[in-house]
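Copied over from TrEMBL, here are the features:
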{"type": "COMPBIAS", "residues": "147-160", "note": "compositional bias 'Low complexity'"}
{"type": "COMPBIAS", "residues": "167-182", "note": "compositional bias 'Pro residues'"}
{"type": "DOMAIN", "residues": "8-36", "note": "domain 'Putative zinc-finger'"}
{"type": "REGION", "residues": "123-213", "note": "region 'Disordered'"}
Amino acid sequence: MFDPCVHPDVGAYALGLLEPDELAAYERHLRGCADCTRTLAGLDPLVQLLGTVDAASLVAATGAGMGHRFPERPPEPVVTLVQRPRPAHPYTRRLTLAAAAAAVVVLVGLVTYVARSSVHTPVIPLAEPPPGAAAATATTAPPPRTAPASNRPAATTSPPRRNTGPEPSPPRRTPASTPTPTPGASATDTIKVGPAGGNGNAERYDGSDPATGTTAQVEVVPTAAGADVTLTLAHLSGPREGTLLAVTTKGTTETALRWRIPAGTDEVTLLGGTTSKAFERFDVVDENGRVLVTIPVNSK
Ligand SMILES: [Zn+2]
């Protein structure tokens, strides 16, 4: 199977940390290695970033992140480079080199892993010099350190993917001071009655029957004795009549109001009341005792 080159000096080279002899040797390798050329091109934006980031903390942060995201593939190149003997350097510089180079190679490992594992990652080879110009290019021109933006693998610069699932819906509760028209009903045929309008204590709950399209909205305003309840029914062809049952959090049931929709209309707003303040739900019940719409209340 195709196994791309992951050269141990690519990180140090990208950071300009190679000694002259190492630099010459690596550049000789680089001229013939499309993998390293590609890796360097993909690393370029990250190397720019590293100029403003503390290398040691980046190693720690990236290492922790990879442990979480790629548990099955530890970045072997990191071990290779960090353990690579560099006896010529003073101790403190060795530490700096190891940390900085490891930071880059962690990213190299990340890039390589993403490139290997994703068939969608575009890996576009950099343009090869024409054969006739190869000799001159090889001796004079520096290797390409920056690729055009379109050649950078998108995966190397994308932020971590976040959960894109639907956010949990908050309880449907709208202050009555900002009334919204009943869905499907025009503003002009929504009749406002009762004390709920303009009352900051009012809470509004909605329910609908997906089978019939009937919608019901209940506004609850606490009172000294219990609560005022306003019901708006829509998309229910008259003549119909029934009751609005309030099911309390204690499990008891009260009739909050009786409703009637005359023939020729399909909407009504009515005011009633209960002696309770805390509700589990409201049920719109028809003349036959059948529940037409349930309006859940999520007040806890
Ligand atoms: Zn290489």
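Positions of Cβ are set from backbone N, Cα and C atoms, glycine also.
As a whole-number mean, the pLDDT of the domain 'Putative zinc-finger' (8-36) in this prediction is 92. Mapped onto DSSP classes, the domain 'Putative zinc-finger' (8-36) shows 20 helix, 0 strand, 9 coil.
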